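What TrEMBL says about this protein:
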TRANSMEM  6-23  transmembrane segment
TRANSMEM  30-52  transmembrane segment
TRANSMEM  58-76  transmembrane segment
TRANSMEM  88-108  transmembrane segment
TRANSMEM  114-131  transmembrane segment
TRANSMEM  143-160  transmembrane segment
DOMAIN    146-276  domain 'EamA'
TRANSMEM  172-193  transmembrane segment
TRANSMEM  205-226  transmembrane segment
TRANSMEM  232-254  transmembrane segment
Amino acid sequence: MTFGVMLAVLGAAFLHALWNAMIKVGTSKIGAMVVLSVMEVPIGLAVVATRPLPAPEVWPWVMAAGCTHFAYKFFLTYAYEQGDLSRVYPIARGAAPMIVAIVGALFLADAMRAAEYAGITVLGLGIGLMARGVFADGESRRLLPFALGSAAATASYTLIDGLGARVSGDAVAYVGWIFVVDGLLFAAGMVALRGRVVLAGGWRGWALGGVASAASYGAYAISVWAMTVAPIALVAALRETSILFAVLIGWLVFGERMTPGKALAAALIVLGVALTRL
């Protein structure tokens, strides 16, 4: 991985933490995520307007990515309804590579190195410590299943994105079409489940959703592009530095409680991710 690609992926990690923070700002997290999803559609259409249509073999990857992104947003949004950014984000992002490694070892006959076993152990300790803080600090326990559900969806779309972008050969167009499909699916699904009230965010909510959507596109597009020019595992490991960015934003911007246990848990999660990916 070149230095320029490394900086780009670090920038993508910050943008990912940033748009998650913007979702957390809203009084209705579901409404904020719906607004973000609606705003994704014109962004995606603007991107694909200048690109050729994907080949037929690319569309199954686009649809699969759209469905897994729907699940990711659904679980993540409900997790943010229950807990802090600095608590939910590390669990949701950190558990994903652990799930990938375990599934690969158990069901895909992947050969695991000593570093990967060490990474899973460290990740498990970090996530366990972060989850323990939910009970110790009297936070809502309902955030845990939603955060872990988000992690499972993240594990799925990470693999789909990396492979789909390579099949496409055009990472920019691939991401653009995913934004269109994902935005339509999530917005329509949430309106069907919760009614049009989820769209009533006011001008401030729509403006914030537009900025968050742009940050989301930037984070996603950079990561997918990086996977086409650098090893997927390296890109996936480096972008998990977003965990540290999210913890810092939650602490310094939102004034969320920062305990030594939470700080140690976040550090262990980042270290564990690095060990499983590298």
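Every residue gets a Cβ built from N, Cα and C, even glycine.
Stretch with the largest number of CB pairs closer than 8 A to the transmembrane segment (58-76), among 6-23, 143-160, 205-226: 143-160.
The DSSP breakdown of the domain 'EamA' (146-276) into helical (H, G, I), extended (E, B) and coil residues amounts to 115 helix, 0 strand, 16 coil.
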